[in-house]
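> So Swiss-Prot lists the following for this protein:
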type	residues	note
MOD_RES	Met1	N-acetylmethionine
MOD_RES	Asp2	N-acetylaspartate
MOD_RES	Met44	methionine (R)-sulfoxide
MOD_RES	Met47	methionine (R)-sulfoxide
MOD_RES	His73	tele-methylhistidine
Amino acid sequence: MDEEIAALVIDNGSGMCKAGFAGDDAPRAVFPSIVGRPRHQGVMVGMGQKDSYVGDEAQSKRGILTLKYPIEHGIVTNWDDMEKIWHHTFYNELRVAPEEHPVLLTEAPLNPKANREKMTQIMFETFNTPAMYVAIQAVLSLYASGRTTGIVMDSGDGVTHTVPIYEGYALPHAILRLDLAGRDLTDYLMKILTERGYSFTTTAEREIVRDIKEKLCYVALDFEQEMATAASSSSLEKSYELPDGQVITIGNERFRCPEALFQPSFLGMESCGIHETTFNSIMKCDVDIRKDLYANTVLSGGTTMYPGIADRMQKEITALAPSTMKIKIIAPPERKYSVWIGGSILASLSTFQQMWISKQEYDESGPSIVHRKCF
């Protein structure tokens, strides 16, 4: 596809927005899904102060802004801010005219029907796109791994899902959702660092803690044993320099933080961990396809990027599954972007071209067309 009419692929995550052109092997633009508004009145005349900032600019000015995430738990909750993010994506990041390109958007599994309709409406009525499509995130991740059957454990910043897929179709009755993801782990790390005597409270400081989490945390293969090691020696301690030059030391917090994925009780939640949720999802499927799911368990999303997570999943699921079952956890190195990559693959397939919802179809049927064409 030539750049002129290439389809645009936008993966709107709770934490990061990934955007680019179909056919590319990686997104061109990756920026935080944040809209920031000034906390104080502007006093410098002629500074060209704006009433809102999006993405990296909001991130860099976070000290004077109140930051809001319009996507919570994978689902859009603030449409005005969401529109700002899309506007920023088209005009500032990709520098394209949306009325000239088909747009592929992604959505969380079990997204409310009204949400997909609203997305469709905004694309056609606000941005005048010639065509659009809404695809389920986990399905795209599976495409990116070169499979059509498997179970995807997709965990991002706002929500975690386990989605069994057979021959390209998601099995909705077996999809499970866990409202425990990266943002909760960041908040938990803030809490346990506060117990150490470091104070992180504002939205701006939360971003510092997110960086600590991404750079230093890992998943222990055996949590109790790791705790014992941490208690008896300083071999697991690492230091981190804060923006103001202060250096903090972090020890067992490094693996206590992501351990909450396997033991949600750490966060005071009564739900099952990601290993049990994956197992339960497989058990909701037909007995004949379970073998294929166990052997094709694909991890996707930024919250699966912790070192050690695949080995731990392998160990935990092996303990739950029948003893003779072959279990394979696939953790592609590019899994942070695998939803976007799958979208790029899908939107550039020749067989996909008849799947787009065209402006004409939208004008004839209205927003509900999305339920008939996107499944």
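Including glycine, each Cβ sits where the backbone N, Cα and C put it.
These figures come from a predicted structure and were not determined experimentally.
How buried are these features, and what lies next to them?
In the structure as shown, the Cβ atom of His73 (tele-methylhistidine) sits within 10 Å of 19 other Cβ atoms.
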> In three-state terms from DSSP, label His73 (tele-methylhistidine) for me.
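Coil, per DSSP.
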